[in-house]
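Database features, via TrEMBL:
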- G88, Q89, T90, G91, S92, G93, K94, T95: ATP binding site (BINDING)
- 10-344: domain 'Kinesin motor' (DOMAIN)
Amino acid sequence: MARTQNPEEPIRVIVRVRPPQSGRDDLDVDSLAIRGDTVQLIRKQRTFSAQFDAALDGEADQRSLFSHIRPACEAALDGINATVLAYGQTGSGKTHTIFGGLLPDEQEGEERTGIAGRALHQIFEHAACAATCGTRVMVSASMLEVYNETLRDLLLPSVDGGHERPALALRESESRETYVQGLTEVPLHDAAAAVALIRRALRMRAIRATDANARSSRSHAVLQFIVEQRGGSARGGLRSRFCLVDLAGSERAMAAELLARDHQRERCQINTSLTALAKCVHALSVSTRGESHIPFRDSVLTRLLQPALSGNSRTVLLAMLSPTADAVENNLSTLRFADRAKRV
């Protein structure tokens, strides 16, 4: 059983500017500035400024970013559920930040390794250390995507070799905890097996080329590491989850006739679910002023994320910004969302 999260502990909010892509980005050097943990964005001669738990510019590497995530992973190893959410526009670097080094056709290298790979190293390092004290640590994983408001198991073998998977259902336990019925959990015996599993799952994820990204994720992906500990210092046993959420990015509006029908539907569903998430965060941020209803049931995504947003998880929000000159409006939207989230 996971230990109870302190409901008074707020969501930690970290802003990261995607490292520029040499020769490909028209960089924005005038409107976006980071000073310490404060982010400033200038739009139409007006300045938005907010302070966050951490703010990382485009020079910060994957290792630096993980130093801010490590405490959440440590919490999971201490028996507290933990969640990391990556939020931002299409092309802001969310998937690289979470799954760097594990993506299809991507070169391996320590400098590319994202949160998932680094968390795996930390988890199995903990397991080896705990074993010397008589504690048995068992690790398993699940991975799903929310595509067009449908839950799909990315670890379930496909019947026809394609991307289609049967839809899964969200259920509520007797203790009123939300869970995904029938979701596959695969035991992990070492980091190498885990890496192979995640790579295979990522190949099944829905992607599409957009004007902002040649391989844009068109679904929200949720990777969970389930950690069970028995004996030794774990005494009666611990079971906790470390959850990584790579949210699909918003996409600038295009003329409907320029988009295929299925692409239009994808864009609509992504924006609808992100709007539902924003409404929940807003309602939570003002709940101390009498707002009691939190609209978690407005979308599959928000129902799935309810434990992470309502105090049952040690939660970190990564607000991802693009360094490009045409991203000012989207960056402002992301910063406003992040500013509300830090009040939850």
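Cβ atoms are placed via backbone N, Cα and C, with glycine included.
Long-range Cβ neighbours of T95 (ATP binding site) (same chain, at least 6 residues apart, Cβ-Cβ under 8 Å): A86, L103, S217, D246. Here the binding-site residues are Q89, T90, S92, and the one ringed by the most other CB atoms within 10 angstroms is S92.
Here the binding-site residues are G88, G91, G93, and the one with the most other Cβ atoms within 10 Å of its Cβ is G88. In sequence order, A86, Y87, G88, S217, D246, L247, G249, L318, M320 are the residues near K94 (ATP binding site), counting only same-chain partners six or more apart with C-beta under 8 A.
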